[in-house]
Amino acid sequence: MFNIHSVEIDWGGRPLKLETGKVARQADGAVVATYGETVVLATVVAAKSPREGVDFLPLTVDYQEKAYAAGRIPGGYFKREGRPTEKETLVSRLIDRPIRPLFADGWRNETQVIVTVLSHDMENDPDVLAMVAASAALTLSGVPFKGPIGAARVGFINDEYVLNPVLDEMAETQLELVVAGTADAVLMVESEAKELSEEIMLGAVMFGHRHFQPVIDAIIDLAEKAAKEPRELTVVDDSEIEKEMLGLVEQELRAAYAIPVKQDRYAAVGKVKEKAIAHFFPEGQEPKYDKLRIAGVFKELEAKIVRWNILDTGKRIDGRDSKTVRNILAQVGVLPRTHGSALFTRGETQALVVTTLGTGEDEQYVDSLSGTYKETFLLHYNFPPYSVGETGRLGGTKRREIGHGKLAWRAIHPVLPPHHEFPYTIRVVSEITESNGSSSMASVCGASLALMDAGVPLKRPTAGIAMGLILEGERFAVLSDILGDEDHLGDMDFKVAGTEQGITSLQMDIKIAGITEEIMKVALGQAKDGRIHILGEMSKALDRARAELGEHAPRIETFKIPTDKIREVIGTGGKVIREIVEKTGAKVNIEDDGTVKVASSDGESIKAAIKWIKSIASDPEIGEIYEGTVVKVMEFGAFVNFFGAKDGLVHISQLAAGRVQKTSDVVKEGDKVKVKLLGFDDRGKTRLSMKVVDQTTGEDLEAKQKAEAKAEGEAPAQAAGE
């Protein structure tokens, strides 16, 4: 019934198995990949004919995690998986980025890659396995894919690189780096690092590239057994059109790309394009070519002219040389009521970044395959259409916004203070108000400034820079702080963030083969110079965290109570803690280990809440004096609430010095009194005294009364002796 083919290798000390022919047989390509006991299914389906009216690759990649893979039932009312989580979106992008450049030029058939996690062993993260499975499924599918690719995760523990560290090891690593590529080229890098050097980062990339070669070999072995016949792809020769167009518009296009202002440049390029279209589509004549084809050739010509200019003259679109960073202006404290804010402007790219400090109530609960955990640092990136002078629909967060936000998150996360030292939930929002390249790195710079403006004690200021590359044969140019056009028309997008000490995040997307280790080394070195320059410009606004939190930020005090007292502080159904919050105005969060966090923007509220909680959580001490309230008057004495929720009895004989006829002669309900804890009777009832305490000053009179009594006893004895 099944025509099963499989390959198995040992990879990083665990078995990796790729199998096809048993599951999802109606897909063009389907591979079940197993690593340890983590299992994913990758499928590829491509439409039989090209999609009409498009001049791009219509590829969609979806990665999905099923709760059953970890033996869990989804939360929520419907108890089924809902919209993609942040992790699913990020892994979808992780798969997409290295495979997209490898589709043959001109492939316009709708192509969908779906990767589903079927089993998770809580040791091996499914993301790298998903990339491998998708590569294998594409290689088998028959679509024109110039793969396969391999992928690997690299850690750095005890000064050594570790291949595919298990989840438990990730807590110890100084580096989490995912790298993907072909047999002879690196195509994609995504990473977070604890201020590591350029040499260590480059070494990790090359280590990963070497160690996923056996995976590529295994996919090729499987393809030799089970690959489908390659799809036919008609390659159209546009050389004659390009030659004609070059003679028509080359000089005007070169002049347009010498205009430094983005909007003016786009307008000039638009006019040149109109001229080309008018030439190839004269009015009243039957057109010889399809409009999309002409537009595609024009786009290719744009890229060539920009690239030629840079390589021939060393000058870029806006007149800079390859190493110069655009003009920078950094400002902090730009919004009056926020906890921290910054406006970071670099050329025609601008980010307004705002930091908000919250409490434990504001932590994000993340439901993942490995369980639910709390996230205390959030960074959100928004890219409204006005930032590029366009109109557009505002709706849900797009994949690109999630990806850019996570990149900035990775850049900042390593320099944040430990949560036990700075127990705030931190949310940073980057609003991109202008964009002409490198908006994610502007978000990193703005986030660092906004956090320091809010008083968050970062280890060091952090900055980011986007690098580009133009490669033609033996000639190449590495570009610092790229423009949007240089990003689109170049061969590499290379984003580096970090401090003066080292790199905290590295993201790389390479569109062509042939980028050597030496070129990457040059790019990293040039990026370091640019990063140090940007940090210097940022320091003109703020070079360290403010000594005090923002005026409107909450203050948090942390202390511990015995775990057996947590129930008393919370009360039945949360009654006690709700009363504390309502009456003091402070927010209270109690963790399972007895850690209590009390937060408020008002210091008196915090003091009141702490005093209340401590009075409940600790036991009163015999001999201590407390202030209390008379809650009930009886014939034999008065009950006084004196220690949180604790009441005690002041017997009538302990109300006042001398004989008391009626309790009500001395106290009534609601009176504020000072009492001394005498002890506990045989039944554990609390015994209090008022008469041994000065009700005005709170002074302990018992010692004084004993001294007086002793003195009175000695006087008659002396008289008798005389």
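Note that Cβ sites are derived from N, Cα and C of the backbone, with glycine treated the same way.
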307-332, 385-410, 567-592, 697-722 - the range that Swiss-Prot marks as region 'Disordered': 697-722
Least surrounded among the binding-site residues, given as D487, D493, when other CB atoms within 10 Å are counted: D487
Segment-level pLDDT (mean, integer) for the domain 'S1 motif' (623-691): 87
Helix-strand-coil residue split for the domain 'KH' (554-613), DSSP-based: 32 helix, 16 strand, 12 coil
Per-state residue totals over the domain 'S1 motif' (623-691) - DSSP helix, strand, coil: 6 helix, 36 strand, 27 coil
